[in-house]
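To start, the structure under review is shown below, and the notes come after it.
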Amino acid sequence: MPGRSLPPKLYFYAVRNAKKFCLKTYGEVLKSFRVQTNSAASISSNSKGSTTASSNSQSNNELDNNKPVDKEFIRNFSIIAHVDHGKSTLADRLLQFTGTVAPEKFRDQYLDNMDIERERGITIKMRATRLWYRAKDGNCYLLNLIDTPGHVDFSYEVSRSLAAVEGCLLVVDASQGVQAQTIANVDLALENDLEIVPVLNKVDLPTAEPDRVCQEISQVIGIDATRAVRASAKYGIGVEEILEEIVHLIPPPKGQVEAPLQALIFDSYFDTYRGVVVFIRVKNGEIRTGMRVKFMTTGVEHIVEQVGILTPEEVVRTSGVLSCGEVGFIKAGIKSLHDAPVGDTITCCDNPCKEPLRGYKPAKSMVFCGLYPADSSTLFENLRAALEKLSLNDSSISFQPESSSVLGKGFRVGFLGMLHMEVVKERLKREYELELLTSAPSVVYKFRNLQGEYFMESNPSKIPNDARHFEEPFVKLDIVCPDQYNGAILELCQSHRGSLEDMRYVSNGRILFKFLIPLAEVLTNFYDQVKSRTRGFGSMDYEFHSYRPSDLVKLDIAVAGDIVEGLSCVVHRDQAYTKGREIIEKLKEYIPRHQFKVVLQAMIGSKVIASDYIQALRKDVLAKCYGGDISRKKKLLERQKEGKEKLRQLGKVRLSPEAFAAVVAQKF
Ligand SMILES: Nc1nc2c(ncn2[C@@H]2O[C@H](COP(=O)(O)OP(=O)(O)OP(=O)(O)O)[C@@H](O)[C@H]2O)c(=O)[nH]1
């Protein structure tokens, strides 16, 4: 550990202050001590509400949020990183350092305002805020910050935020180094032609290796990271240097105030009282209260009622103007999110711009499952109303009614990924008090029927038995891990039908693998397996690649001769028997014994590939026959057999929701 080379007194000092363990010389430690004490003084003075220690917070009082700012002094940036590398913590420190949030209002993860985000410690929604910063050059800058989520399910949010800024802070954990999502996020930033400012975070950790990570960034990402700020968002180290880098490296917004209005919608939400609130980045011209504006893709026109800025709370601008380069919100009496789609361009009706800005591809649901009320008190109509309300603020949710013989009436709902699905289910439970049962998650399959027509279907029970030529979605999967786990990762991906496309060293001892793999294989448990096979050192990221042919079959499960909708699934032909057996074993545990023998079968079309049965309950019909002749006993047994056969033909086995849930949980 580098810290061990320090003289004992300084080593103790460094440990006590959770400081830069990577510092090797006396001079470096002293220098870093000064930096830390300065920033800490500034942060603590802000947190006490005093303006004496931080020249920056003093200057804020002089600044007017109400007036448009000269774009030379605006910097718009996002924070991007692999999950848990410290984006939200860094955003907190920037808010504190610049005195943006009053100390008494401050709480950790300030920009994550959903309960689920705070409890799970993850960012789900991007959030924008403005910060005022008095730089060392004496000028006061307006910094518009957009914090983004790190989880792969929400990478759509990242791409939206990146289209609204000129640069980004690339936060890399100095102990973990470049990870799969670091690379994915940098690719998005490069696509948007952004200035990337690298930050090595968590240098306080004893395992931090900033020099190695610097090299990795240069090697893998191709940007010079030798000047990267070495920071600890947790302890407020390096915050001022990061602000200086933002001011000096990220270019001011381009665009002309005199040009026709062109504003990009990067987010929006529906408020019951205020209607749709649209978050915009003004790329050209100005938007004013009272102006008649047009949403270019939908063609809808509205009059702007309110214009405001994000501090991060929404503050209405009494001046009623948002000018070129600024980030803010408008309200224009819009009733539906569909009228103001994210990625659309707003222009002025009187003096329209010629072309819309480059928008985004609409978010596409990748995973589908059936959601059903778990008990009769949760009505289908309540579920419909809740889904309608949720989708008002989350346009990536899609849903349509479906019904199942076991679970009754419900909805087939589409999500961006498994985490998104969990979050939506959790919100339905908390915000709408809905107890729900879920059918097995599935992707959308493409197939042909006997007539050669193509279909797409996400509900396996609806796929006809004559379906042929299956195609399924494949993803590009990146995995980064130490090279000693090569074998484990290759084995894992191959056993999940992945094919290796490329592998290369990202630094000494760490490898980046690139696979093409079916989406259905990485949806559940796969990430846990990557983590466990690499002892927590592996990371992964994936994005949709294309539909590709696969040797898939539809597997049905029949209980007492009836196919159970909701338990059907599409599997690879080689896995059909194993999967069928597993489901049957689970059903055996949960279905109680009946008066008749219950047959359980796994079938492909009409062909049974695995089967088992649950023994019938037996009444001892001979109990009262003491002695007696054998023909009487035989007759009684014969009659019992006939009765059971009749029951077997007529009797229905009702699968309890618990049995259903257990099989679904086991299946995926
Ligand atoms: N030791 C140390 N821990 C840090 C530092 N910065 C953040 N952390 C911790 O790392 C964890 C993740 O931090 P977050 O800020 O939530 O990370 P994030 O990148 O915003 O996470 P997502 O939004 O889920 O992608 C938290 O437990 C933080 O306390 C740091 O500089 N040093």
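Each residue, glycine too, has its Cβ placed from N, Cα and C.
According to TrEMBL, the compositional bias 'Low complexity' annotation covers 41-61.
The region 'Disordered' annotation in TrEMBL covers 41-66.
According to TrEMBL, the feature domain 'Tr-type G' maps to 72-254.
DSSP assigns LYS87 (GTP binding site) to a helix. The GTP binding site annotation in TrEMBL covers 81-88, 147-151, 201-204.
Among the binding-site residues ASP84, LYS87, THR148, VAL203, the residues whose Cβ sits under 6 Å from any atom of ligand 1 are ASP84, LYS87. The average pLDDT the prediction assigns to the domain 'Tr-type G' (72-254) is 86.
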